[in-house]
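Worksheet for the structure shown next.
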Amino acid sequence: MAIFKGKDEEKGTDSSLDRSDISQFAATQEAPKGPWTQRFVDSFRRDPNATVIKSSQATAGGGFDHAAAAERTANTGLAKKLKSRHMQMIAIGGSIGTGLFVTSGAALSGGGPASLIIAYGIIGILMFCTVQALGELAVQFPVAGSFSAYSTRFLDPAWGFAMGWNYAIQWLVVLPLEIVAASVTLQYWPGAQNTNSAAWVTIFLVVIIAINFFGVKGYGEAEFVFAIIKIVAIIGFILLGIILNCGGGPNGEYIGGRYWYPNSVEASYAGYTQFGQAPGSITSGAFNHGFKGLCSVFVTAAFSFAGTELVGLAAAEADNPRKSLPTAIKQVFWRILIFYMVSLTLVSLLVPYGDARLLGENSEDAKSSPFVIAINNAGISGLPSVFNVVILIAVLSVGNSSIYGSSRTLAALAEQNQAPRILAYIDRQGRPLVAIIFASILGLLCYVVAGGQHTATTALNWLYSLSGLSSIFTWGSICLAHIRYRSAWKKQGHSLDEIAFKSQCGVIGSWVGLTLNCLVLIAQFWTAVWPVGYATKSATQIAQDFFLAYLAAPVVLAFYIPYKLYYRTLFMKARNMDVDTGRRILDVNALAEADRAEKAQLPQWKRIYKIFC
């Protein structure tokens, strides 16, 4: 196990350093000084002090070299520069984007307000259990690749290979998807409608790529600013929504829960008349399309929560994951409760599901944002434009995360010999340079907008289908990996007292998360095979709709089955799992005692606060 003694434990910092820490320190100390141009060029070269782990004889796992894969993912040259504030903002608001602000409108339209709240609530519970399990694994093993590495180590190398590529593809297609969404968002303003969309996507693509070329610190600082803007905007909307619902808007009309009752809408707001909808013409009610409408909302909710797990991927580049990651993980609960459940509850009270604007011209149309529609309905001028600026920033934020997530996953796959080795190239600044370039090139798919509205809509629908269901497989694998890890930890003679951060949900929470993931997959399969209104559709339309809704599943199988058959990998047994390589904490008891002493000095209110945040 590549572990070295490090910093002062009593100060609560990491008690160990891995080889990548040592190599980065050595490179910093030995780097020759010269002109800034030369230093800039040299920063893109491979770290000469980086260690290369040679393949060893394959262990009990079929034709896969577990020992070498674990060593490589634990000892990459990735820069560890993410501070606690970066990790917290990535966890709280890092992935809030079109899923919440825009596509939640399609979910409201398809399932009704009750289905919206129920589906997002179930996915929220699933997400909380998953992130807790991920937090325990990531604090214990802050290795490159995170999710795919855990699946490889604790489940099956073939499944780890499939999950790694599933996650990488998810983010690779999200980049052009979000860039196009940003260009569509601009169409809200008449002045931007006369500009070629290709010009806007070029600007957005260059900005996102430039941020990622500043390394993990650039990504962290950008997400810190983006997340603060999104958080302030959502809190502001919540306060505004409460006021509007209680009759404090310009029209002075109390709304209450009228849109939850069937056919009781009086469309008298300025927003409705402005968009040409006659009073009384809008359908309302708690549910739309019954139970099938509820099931159809799950995939949209999953897309909205996608990216929450990025905080676990970022653990490999955190300067002190033992301190920053538990705090970030705990704050995911408040993100789910406040930013999703509270804001969407207000949306469901302010916008009836029958509002035609919720459908929009396409799934990324900012005009179809239920948040913007709610403000328009109140007759407030100017504020919808402000909120559209927030949506634009949120879209760019998710695009920024897409390069980060895909490049780190591709580099980790390459470290495990599950992707071309060139993708594992880490430069002297700790950037997976080739993987970033590869992800950036895939971003050129955003130029489909230049092919006309029909071409763009078709391409975007297929890209969305690739990313929509991928997260369910990732989250289910995290929960199962945590269950298997706990089993191996116990069988190999370890106790829970040796774990630096334990999931607040425990193994039971992981079973709940895994079960909910499976149920969502079943529900989505049902609605994909027999969609709403399938009786009026042709066989060709039903087949196309199925693959649009369930494309991620055959993609996962296409990666898993050939790899399984070719390498004949075995499902990992608890006694053969490696629970040592990559652990950065040695004396957990001493660290726990130091933490208890530190908390004892805090006032009572702060001790209570630390339990939840």
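Cβ atoms here come from the backbone N, Cα and C positions, even for glycine.
Residues or ranges marked as compositional bias 'Basic and acidic residues' by TrEMBL: 1-21.
Residues belonging to the domain 'Amino acid permease/ SLC12A' (86-571) score a mean pLDDT of 85 in the model. The domain 'Amino acid permease/ SLC12A' annotation in TrEMBL covers 86-571.
Among the features that TrEMBL reports, region 'Disordered' is placed at 1-33.
According to TrEMBL, the feature transmembrane segment maps to 89-108 (among others). Sequence-distant contacts of the transmembrane segment (89-108) (same chain, six or more residues past either end, CB-CB distance under 8 Å): 82, 115-116, 119-120, 178, 181, 220, 223-224, 226-228, 230-231, 234, 297, 300-301, 303-308, 310-311, 314, 328-329, 331-332, 334-335, 339-340, 343-344, 347-348, 351, 353, 357-360, 363-366, 368-371, 373, 390-391, 394-395, 397-398, 401.
Long-range contacts of the transmembrane segment (114-134) within the same chain, counting only residues at least 6 positions beyond its ends with a Cβ under 8 Å from a Cβ of the stretch, are 104, 107-108, 146-147, 260, 286-288, 293-294, 297-298, 300-302, 304-305, 308-309, 311-312, 329, 332-333, 336-337, 340-341, 344-345, 347-348, 475, 478-479, 481-482, 503-505, 509-510, 512-513, 516-517, 520. Annotated transmembrane segment per TrEMBL: 114-134 (among others), in sequence order.
Per TrEMBL, transmembrane segment is recorded for 168-186 (among others).
Long-range contacts of the transmembrane segment (198-218) within its own chain (CB-CB distance under 8 A, at least 6 residues past either end) are made by residues 78-79, 81-82, 175, 179-180, 182-183, 186, 192, 314, 317, 396, 399-400, 403-404, 407, 429-431, 436, 440, 443-444, 446-447, 449-450. What TrEMBL lists as transmembrane segment is 198-218 (among others).
Under the heading transmembrane segment, TrEMBL lists 224-244 (among others).
Packing against the transmembrane segment (332-351) from elsewhere in the chain are residues 91-93, 96, 100, 104-105, 108, 113-114, 116-117, 120-121, 124, 127-128, 131, 231, 234-235, 237-238, 241-242, 244-245, 255-257, 259-260, 304-305, 308, 311, 358, 370-371, 373-374, 377-378, 612-613: each is 6 or more residues past its ends and has a CB under 8 Å from a CB in it. Sequence annotations record features per position, and here TrEMBL assigns transmembrane segment to 332-351 (among others).
The transmembrane segment feature in TrEMBL is assigned to 371-398 (among others). If one looks beyond the transmembrane segment (371-398) by at least 6 residues along the same chain, the residues whose Cβ comes under 8 Å of a Cβ in the stretch are 94-98, 100-102, 105, 174, 178-179, 181-182, 185-186, 188-189, 204, 207-208, 222-223, 226-227, 229-230, 233, 237, 240-241, 244, 249-251, 269-272, 274-275, 307, 343, 346-347, 350-351, 355, 357-358.
TrEMBL lists 433-450 (among others) with the feature transmembrane segment. Same-chain residues lying 6+ beyond the ends of the transmembrane segment (433-450) with a Cβ under 8 Å from its Cβ atoms: 44, 171-173, 175-176, 179-180, 183, 196-198, 201, 204-205, 208-209, 212-213, 402-403, 406-408, 410-411, 414, 422-427, 456, 459-460, 463.
Here TrEMBL flags 462-485 (among others) as transmembrane segment. Tertiary proximity for the transmembrane segment (462-485) is limited to same-chain residues at least six positions away from its ends with a CB under 8 Å from its CB atoms, namely 126-127, 129-130, 133-134, 136-137, 147, 150-151, 153-155, 159, 163, 166-167, 169-171, 173-174, 176-177, 299-300, 302-303, 305-306, 309, 312, 363, 445, 503, 507, 510-511, 513-514, 517-518, 520-521, 524, 547-553, 555-556, 572, 574, 577, 579.
Residues 122-123, 125-126, 128-130, 132-133, 292, 295, 298-299, 302, 469, 472, 475-476, 478-480, 482-483, 486, 549-550, 553 of the same chain, all 6+ positions outside the transmembrane segment (506-526), place their C-beta atoms under 8 angstroms from a C-beta of that stretch. Summarising the annotation, TrEMBL assigns transmembrane segment to 506-526 (among others).
The feature transmembrane segment is assigned by TrEMBL to 546-567 (among others).
Within the chain, the transmembrane segment (224-244) has long-range Cβ neighbours (under 8 A, six or more residues past its boundaries) at 85-86, 89-90, 92-94, 96, 255, 338-339, 342-343, 346-347, 349-350, 371, 374-375, 378, 383, 387, 390, 393-394, 396-397, 400.
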